[in-house]
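**Q** Dumping what TrEMBL says about this protein:
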- 1-192: region 'Phosphopantothenoylcysteine decarboxylase' (REGION)
- 6-174: domain 'Flavoprotein' (DOMAIN)
- 188-399: domain 'DNA/pantothenate metabolism flavoprotein C-terminal' (DOMAIN)
- 193-403: region 'Phosphopantothenate--cysteine ligase' (REGION)
- D283, K293, P313, D314, I315, L316, F329, K343, K347: CTP binding site (BINDING)
Amino acid sequence: MLKGLNLTVVVTGGIAAYKVPDFVRTLIKAGANVRVALTPSAKQFVTPFTFEVLTKYPPLVEDIQSPDTVAHIALADWTDYAIVVPATANTMAKFANGIADNEALSMMLALNSPLLFVPAMNEKMWANPATQRNVDQLRLDGHIVVEPDTGFLAEGYEGKGRMPAPEAIFQSLLAFIAIGKQAKTLDLTGQRLLVSAGGTTEKLDPVRFLTNRSSGKMGLAIANVAALAGAQVTLVRTEHAKNLPVLPGIEVVTVESAQELYDRMHAHVADKDIVIMSAAVSDFRSANPADQKMKKGQLSNQDGLTIQLTENPDILASLPKEGHYTVGFAAETQNVIEYGRNKLVKKEVNMIVANDVSDQTIGFNADDNQVTLITKDSERTLEKQSKIGVAVELLAHIQDNIS
């Protein structure tokens, strides 16, 4: 997704700046062409030479000679997308008010595209009304600001203001780029979204279980993109998906079984505007799960293996539909459109996202997907692309239908 793109990383003067070289290396490994701009104070935390070694190009900084006469304009013209990481309160305040008192800020003002800001600061600075006012202005101007994480701060205590984990920043950047490719702005500000992700697990005994191959990547992509687009997101994920990166600000609930998923979805659905059921739910569970590990003699006899199963609740069908735009998923191996449309009618939902999981390049655990969006009056097949790209197009389609 990043291959061949020109990305500029703007580093500002926060303690989290020391983490940025590893992030730059990740971008380069993903195939991006990377340049770096540093504010004067950023040099107190990481040296320009570090980035020159990584990118094979001298960074834009006040006291380093550039081969370009107007270096900040040349870098702005070269840039496809830019990310400010870490973004300090000072730099965000200056940029929100059009102040360009260093080379990095001058370059940022010369860009023709939105920026992605990844704030990192003390929790009191983040909560200050002036900072929040500047963040609001940045968002009004079309830029995307990631919520800071909650964790151990440089001051020695827990609080909100920590720079998100590198994996979450990388996912934010992928979503930011996918959103930027949309002809129409994806803006879900004020929308409350409930999404499920991953495959459920049904215990036979403490060792054995019934499950499926769903990784949760599609549901996580939807949750992360929606949060980046301004939605208030609640993610109900299964154990399968608990190691996937989640953006700060998303409410996360982790479940294991279909019954637990049923309970948590019903507990959180009441005040939601959009409900997306992307989790792969086990249709059956053991009628009598054992408390202790079953031995072979208990599991089988001369007639073979017999396990008594009982049907799980139909979560999608059971969810209340009034006041919600509800989306279900249909993972099929044949007659994908036909079965998807049947599910649309049977479950009484607004949309079914149907895909062919027999194709391993777009099925369970793949990074890419190709789906058909099925509604009462239309069918739209999206091109094969990253699951983040699919999430952006899906949410844009929902936005068009609820606006």
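Backbone N, Cα and C define each Cβ position, glycine as well.
Heads up, TrEMBL stuff is auto-annotated, nobody curated it.
What you are looking at is a predicted structure, and each value in this text was computed from that prediction instead of being measured.
Surface or core, plus neighbours and distances: that's what I need for these features.
**A** The Cβ of F329 (CTP binding site) has 24 neighbouring Cβ atoms from other residues within 10 Å, across all protein chains displayed.
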**Q** By a simple count, how many Cβ atoms lie within 10 Å of the Cβ of K347 (CTP binding site), its own Cβ left out?
**A** 19
**Q** When you measure from the Cβ of D283 (CTP binding site), how many other Cβ atoms are you left with inside 10 Å?
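**A** Neighbour count, Cβ to Cβ under the 10 Å cut-off: 13.
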**Q** Which whole-number mean pLDDT does the model give the domain 'Flavoprotein' (6-174)?
**A** 94
**Q** Over all shown protein chains, what is the count of other CB atoms within 10 A of the CB belonging to P313 (CTP binding site)?
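**A** So the Cβ neighbour count for P313 (CTP binding site) comes to 15.
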